[in-house]
Amino acid sequence: MAAEIQPQPLTRKPILLQRVEGSQEVVNMAVIVPKEEGVISVSEDRTVRVWLKRDSGQYWPSIYHAMPSPCSCMSFNPETRRLSIGLDNGTISEFILSEDYNKMTPVKNYQAHQSRVTMVLFVLELEWVLSTGQDKQFAWHCSESGQRLGGYRTSAVASGLQFDVETRHVFIGDHSGQVTILKLEQENCTLLTSFRGHTGGVTALCWDPVQRVLFSGSSDHSVIMWDIGGRKGTAIELQGHNDKVQALSYAQHTRQLISCGGDGGIVVWNMDVERQETPEWLDSDSCQKCDQPFFWNFKQMWDSKKIGLRQHHCRKCGKAVCGKCSSKRSSIPLMGFEFEVRVCDSCHEAITDEERAPTATFHDSKHNIVHVHFDATRGWLLTSGTDKVIKLWDMTPVVS
């Protein structure tokens with residue numbers, strides 16, 4: 001008797017289009033060339049490469065250029081084909097690429113930092129080159145004259161840099177976990193505010209100028225969405241990685257956030273839902289459910305002749321509870337907890353199946369990601385890994 005085979009439900013996942021291999025060291029940054037089947041990469045092996053797809057279907061370098069120092073970061077402007085490369089020795093080197101992407105012409109060098117350049121950003125509208133370095137300096141230069149316009153000393157080494165052209169606000173995330181917002185003028189800057197939300201260093205920043213929302217990724221494995229435009233101080237946590245978050249990209253047309261981590265995970269978050277802030281954890285000397293004393297509350301332990309318990313916290317209500325009153329686990333996707341977390345028994349009963357419906361999808365890139373670039377027009381994602389490989393993905397099955 002033949003058994004009926006039930007068709008498997010189709011799982012929507014990114015489609016691997018191409019592996020681009022050949023770098024001797026880690027590719028620190030790379031971008032997809034718009035309107036071309038090409039990739040520009042800068043690597044720790046000191047090379048700048050422009051990879052174009054050949055008739056064979058493989059990507060081969062049309063440009064292979066050796067720099068005097070390892071390449072730490074880059075910024076590419078498609079309109080002018082201007083490529084700004086940050087180097088380990090503190091220099092930013094600028095090139096113009098030819099229309100056919102077969103030649104790069106040196107333009108100028110900026111002696112921007114005393115040590116490794118960590119981030120570089122070319123702003124076409126203002127003709128500015130913004131950068132951060134391991135010397136804890138943020139600097140901006142005029143790309144026309146090459147002159148340094150100003151600088152600001154950050155509290156720690158910066159690892160995230162974003163700029164809003166309309167307001168001239170610059171966002172700097174650093175290794176201490178702090179995010180700093182500066183207002184830039186032509187030759188001076190004003191500190192507007194700084195804030196912290198991560199328990200680890202900030203590893204990535206992403207700015208959405210339409211919703212006026214800043215996303216920060218951290219070595220504490222979390223992503224935080226900061227509502228800058230709302231002016232209410234709202235911060236939404238997203239917990240979906242098992243290792244440090246290395247890169248962020250936002251798809252404005254679908255309101256989806258792509259976060260990638262050292263765990264190889266590509267997480268696509270639906271940001272078109274009404275998310276909730278996680279509550280502050282409350283302090284108490286005894287369980288706020290059963291009133292059992294916690295182990296440091298000697299007086300109540302002595303008076304009630306009870307052994308002190310360890311304190312836990314419910315992730316939904318924030319109350320201090322004992323292990324017995326928080327024995328259950330649940331995901332709370334609208335609070336950013338896509339994995340199961342500790343909740344008190346009463347909150348567990350109150351959470352509905354609708355509230356447990358996931359708001360993110362999880363995918364495995366099969367390499368530890370150090371950098372990503374998203375091409376929204378084609379729906380392609382580039383990931384660069386510690387395995388020295390660049391991968392190109394078609395994200396349209398999951399970003400739509």
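Here the Cβ of each residue, glycine as well, is placed from N, Cα and C on the backbone.
Predicted, not measured: the structure shown is a model, and the values here were computed from it.
Look at CYS325 (Zn(2+) 1 binding site): DSSP puts it in a helix. The Cβ of CYS325 (Zn(2+) 1 binding site) has 20 neighbouring Cβ atoms from other residues within 10 Å, across all protein chains displayed. According to Swiss-Prot, the feature Zn(2+) 1 binding site maps to CYS287, CYS290, CYS322, CYS325.
A 10 Å cutoff on Cβ-Cβ distances gives CYS314 (Zn(2+) 2 binding site) a total of 24 other Cβ atoms nearby, all chains included. Per Swiss-Prot, Zn(2+) 2 binding site is recorded for CYS314, CYS317, CYS344, CYS347.
Positions annotated as repeat 'WD 3' by Swiss-Prot: 112-150. Long-range Cβ contacts of the repeat 'WD 3' (112-150) within its own chain (Cβ-Cβ under 8 Å, at least 6 residues beyond either end) map to 72-75, 77, 79-80, 82, 84-92, 94, 156-163, 165, 168, 170, 172, 182, 184, 186-189.
Residues or ranges marked as repeat 'WD 4' in Swiss-Prot: 153-192. Summed and averaged per residue, pLDDT over the repeat 'WD 4' (153-192) gives 93.
Residues 12-21, 23-32, 34, 39, 41, 43, 51, 243, 246-249, 251-254, 256, 258, 260-266, 268 of the same chain, all 6+ positions outside the repeat 'WD 7' (364-399), place their C-beta atoms under 8 angstroms from a C-beta of that stretch. The repeat 'WD 7' feature in Swiss-Prot is assigned to 364-399.
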Cα separation, CYS325 (Zn(2+) 1 binding site) to CYS317 (Zn(2+) 2 binding site) (Å, whole number): 13
C-beta crowding around CYS344 (Zn(2+) 2 binding site), within 10 angstroms: 26
DSSP three-state assignment for CYS347 (Zn(2+) 2 binding site): helix
Residue pair CYS347 (Zn(2+) 2 binding site), CYS325 (Zn(2+) 1 binding site) - Cα distance, angstrom, rounded: 10
Residue among the binding-site residues CYS290, CYS317, CYS347 whose Cβ has the most other Cβ atoms within 10 Å: CYS347
